[in-house]
Every structure is written in structure tokens, then in C-alpha cells.
């Protein structure tokens, strides 16, 4: 720090590297005093006119505002407010064309002036020393003052950041642009106010040295400042040589001290602060006169403007209106520049307003402006590097900008570029280098801004997560404290900790589950370890016994719940047999016809009884069909006994005994069987018909041949009917079996009446053959059955035995007759 002051106090001037001497055109505008333009009717005030963020609106559409009234309010020193340049009504707040080469829109307040130009209430002061540094900085901030030299950095923020660090305060009056003369005229005409503003700033910062630097091409301004100082030694004046860009911050500091500001750092890092002379004037007006920054001096120059000079211009005035008031000759072939020819920006739309940034409006003609020549390839001549006042390598930065290699651009210190435009001015290939560098800076800024927002979002997220975790921990701690208090309360009342007891129960339960899951084993005789299945086998045995018990219970229930209809039918059949037997014993051969009729009546009664029984029963049991067949056989035997001789009677008794045995076997079988198959009933009917036919043949002799043929046909018909019934019906209806039995009885009765005993032997043999055929049909039927029940097999065996016995007796009888 002492080095900076010592080098400055030496009085020596250092020349910076590079720089140029462009043709100077200041005389066009600096010969006329400062003037005011007519007050306009419409003003467009952008919400942001500085390097920072936009303030918050204090007004709305339709509001009436006064001159100097704040329209926005900031939350920090970098968020400067804007003020009404005159009194009037707020017509709208919407996007409007910006004073920028892009021509984009930005939020803007449209103020329609009322022509009264009425100020707000002001509180001017004479002695600024009555206020503290903080109060003065705050008033500077409230006035919306930004750097008027071109950077438009918020002045209050700049002063506050450099407070207690500044040893050398430099007031920049160099104004190195070849066309701009606003600072020159301001120093000539308002030197006293500039000096007062410098002293206000010195009061705030307390620097050891204060100096005003002015180029040697402004002798009138130098003289005016010296006259304003009146011999005071608190502020020094340094006249520097004219060279572009000596007005740049780093170059001017080097000129006065010979010290370079480190790359990427501010001048305050070496104890130096720099402000523009226009900014000093604005500070004086804000502190002493209590006037915000609502107007500034603007240079109107160029051969296209008739009335060249420097004018006081209200901020927000459309540029087209200013040029019109200054006698601008509109020509679409020649652009308008905001700023000087070296650093100025071409304006695409003249309706854009004047802002704090605009210090000059340049309207050149064909003598001052030529169309840019076509860009050519870089020839690596190094002219740009030689002329660069910041010691950069513009040709390298150009390649990095074109390839969008942002990392390399930053490595080659693109941020140190002051955009002076010298590189483009000296380039023989006519490459607009300054445009490439501005675009590259904008891209890098966007990337960093995006990264900054991402980092801020990450910080907010992490802070939120930390807060949520902290709240969760606090909640758990509260819950634990409440649970602990509850446990202590229960322990005091019951003498046992409930949580501890619950944990013990849980441990015991887990231990039991562990024991139950262990596999039991046993060791075999060979020493092998095998799983112990004793428990499993016991469980299986218990289940098997339970199933058997359930099955026996079901059988007992079925036996107990059998319908009584079957028993009634069996009783009726037994009564019929007894009656028929008595009638057979009492009647003689002479009364055969009447006995036959009586038997026939009995058969009809029995049939009607059976049919009634069938009608009264909702589901006829196959047992009834078997009983009916037995009755038919008994009646047939009785008729045969009546029509035969004494030997036939004995044979009939023998047959009756056989039928009784067969019936008893059938009844036993029926008792053992819960459901007789319908096919068995049909088989029994066929057997009965065969027996009846055989007996009839034994008792008849006169018409043996014809009767035998008739019987054969009847048997064949019966057999075919039975077979068809078996084929067409999967389960024969019991009623059909009863009908078949009745038909068999009728046929047997007719055969008994017609047959004689002459050809008994042949007829007996024929009947025997029929019985054998019937037996074979029965056996086939039994073999074709899909699932033969053991009970059915027992019934079939009993029938077979009865038939065999009957045939043996019949043969013996026939042999006796032949003898």
C-alpha cells in the first residue's frame, strides 16, 4: 500500500503497453455550452438501468407521479431504484424496446407527462458533514446513482465495498473517446459542484490522497477545476497524455502509479478507487440538493446532426425525439451509435430510450462512416496483440470464441478484456473481434449464472434436508421422552416396565418358534441319522381312522334312512306267493281254467299294487323290480303246476323251492346292497321268462313244435328288447323293468294254456338252450359293465347256482318220465 502512495507521490507518469491515437473529433461538440432540450410528452423508463438486478415496483398503471418520485424499490445496494423524470401519469408497465444492439424488449414504465414538471418534496442540506458515512451511502443509493463513465456499476455498493480500504481516490476526467465531450463540458461549467461531490466521497472513504486525472487535450476543463479548488491541497490534479484508452480504470491506475491491478481483482484490492466526474456531480446533487438521478449530460455529435453539442437529457426520453430536437437528418444508410466510435453500440431501433448508460449519440455521415468490409481469415499478424492495452492475445481468444471453447477462453483471461475495440480497429482482416468477445462473455456468463442457480438450489435443498432431519430427530426425541415418562409412570403404578415385559414376551415367542422349527432325528441300526417321522405317521393314522369312521357313519345313516316302500313291495310279493301256493294245492286239473283266471287276477292285482307303489315313490329302488320279477316267476310256476300232471306238480314244487331259495338269495343280496343296478333287474326278468318257458314246455305235448317256435320267437324278442334297452339306456328306469316283468307273466300264462306234455323232452332241451343263451347274455352284460360292484357279483352267483340246481332236477324228472 505504501508503494502505491510513494509511486504516486513521485509525480511520475507511466505509459501502459499498446493503445492507439485515433483521429480526434471533439471540437464538433465541445464548443457549445450545456443546453436543455424541450420536455417531451412520453417517457419510457426501463426498470433496470445498471449492472445488477431489477427493483420491485412501487406504482401501478393509472397512478399519478411527481418528478423525482421513486418508481421501484430495491432490497440491496445492487438493486438500484428508478425515478420519474417528470410529473405525469403511469400509462402502462410492459416490455419495451431496449437500448441495446440486440433490440430485445425489457420491462419498462411508460410515463405520460402532464407538462407541469412538478417536483416531489425535497430536503436539501448545506453541510453534508452532519450526516454519517452510512447515511450518505444510503442517500446515494436512494438517488439511484450508478457509474456514469460507462460501466453503470451501483455507486453505493462500490463505495461500501471499498470503505476503509482506499488510500488513493482517483477521479476520472480523461474522457479518451475521440467524439465524446460531455465530461469536458461538465468540468468546464460545473467544476464547483464536481469538487463538492469529490469532497463528499472523500468524507465517506477517508483516503490519503485524492487526484483528478484529465487528458492534456482539455485545457479549459483543467483550468476550471484549478479555479474551483482555489488553492486547496486536499485534491490534486494530474494531467495525462492523450492516448486511447487512458480513461480505462486499469490503464489510468497504471499511468498514475505504475502498478497493474491483478487479473480478476478490483482496484480496491491495491487500495485504489476510481469514479467518474459525472458521478461526482450526481453525488453532489443527491446529497446537497436531494435530487435523484433523473437526467444526465449527453453528447450529440456527428455530421448528420445539425445542432451538435452537449445537452441535459431526461432519462427515459426516446432517442428519436432527442435527435429530432437536435436537427438530425434521417438516413437509413447510416446508423446511430450509442457511445463513441470505439466502444459504442449500434442501435437497431431509435425508439429506444436514453438510460444512465448513454453518454453520447453519434450520427455519422459518409465522411465519418463506411460500410464494414467483408471479414477475412486471420493472418496471424499479431497487430491486435501489439495494440491490446491489457496484454491479451486477441487472435487466440478469437479462435476459442468461434469454437465455443469456453474453458480456454477463461484460461486466456477473456474476462480482463475491457472491450476498448482497439483489436478490431487495427485488424487488417477486418475481423469484428470485439463482437466475438462480447458474445463469448455473454455465453460464459449464462453458463455461470445457470451453475450459480443450480448451486443455490442445491444449497437450499441441503438446508431443507438438514432442517427436516433435525425436526425428525427432535420429534423422535420428544416421542422417546414421552414414552419414557409413560413407562416410568406405569412402572410406579404396576411395578413393572411394560416395554421390558413386551420385549421378554417377544424373546420367549421367538425361542419357542426356534425350538418348533428344529427337525427331530433318530439313529438307525446302521448308525445313519434319519428324520423322525413318528409324529407324521401318527397324524396320518389319525386322519385315516377319522375317514373310516365317517364312512361307517354314512352307511349306517343310509341303512336307517332307506325308504319303506321297498319293504312294503316285498311283503306284498310274499303274500301273493302264499295265496298262489294255496290255490295251486287246492285246485285240480279240471279247475285249471278257473284257477288260471284266479291266478291271473292275482297277478293283475299284484301288478297294480306294484305300479301304485312305483307311482307313490319319487325314486323307485331297483330292488322293487327284482321283487316283481320273483313274483312273476312264482305265478308262472303256479300256472304250470295247475296244467300239468302229478309229476308236474312235484316238479313245480321243486321249482318253487328253487325260486324261494333264489328269492332269499336275492333278498339277502338286496339287503347288502344299497342300490341294485337296473341292468340286474332286466337280467332277472329274462331268467324268469326262460324258466317259465321251460316249465310250460314240460307240461305240454300236443303242439310242441309250434309252441316251441312261438316261445323261441318270444324269447328272442324279449332278449333283443332287453339288449336294446341296455344299449340305449345308461341307467334302466325301474318302471320299465316292472312292465317287462308283467309282459313275461302274460306270455308265460298263454304258453301254459296252449302247451301239452307230448314233446316235453325236446321242449325241455330247447328251454335249456334258451336258458344257456340267457345265461351267456347275462355274463356278457356283466363283463361289459364299467364298474361291477362286489354285491352285484354275489347276486349273479346266487342266480347261477339256482339255475344249475333247477336244470339238474329237470333232467332227472325227464329221465324218470322216459322210463
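Placement of Cβ uses the backbone N, Cα and C atoms for every residue, glycine included.
As the structure is a computational prediction, the values presented were derived from the model and not from experiment.
Among the candidates 417, 420, 427, the residue that Swiss-Prot names alongside 378, 381, 384 for the [4Fe-4S] cluster 1 site is 427. In the three-state DSSP classification, residue 423 ([4Fe-4S] cluster 2 binding site) falls within a helix. Comparing C-alpha positions, residue 417 ([4Fe-4S] cluster 2 binding site) sits nearest to 384 among the binding-site residues 378, 381, 384, 427.
In sequence order, 17, 18, 394, 422, 423 are the residues of the chain that are 6 or more apart from residue 388 ([4Fe-4S] cluster 2 binding site) and have a CB within less than 8 Å of its CB. The binding-site residues examined here are 417, 423; by Cβ neighbour count within 10 Å, the least packed of them is 417. Cβ atoms under 8 Å from those of the domain '4Fe-4S ferredoxin-type 2' (408-437) belong to residues 18-20, 22, 244-245, 248-251, 263-264, 342-343, 372-379, 381, 383-384, 387-390, 392-394, 396-398, 400-402, 444 of the same chain, restricted to positions at least 6 beyond its ends. Note on residue 420 ([4Fe-4S] cluster 2 binding site): other Cβ atoms within 10 Å of its Cβ, all shown chains, come to 25. Residue 384 ([4Fe-4S] cluster 1 binding site) carries a helical DSSP state (H, G or I).
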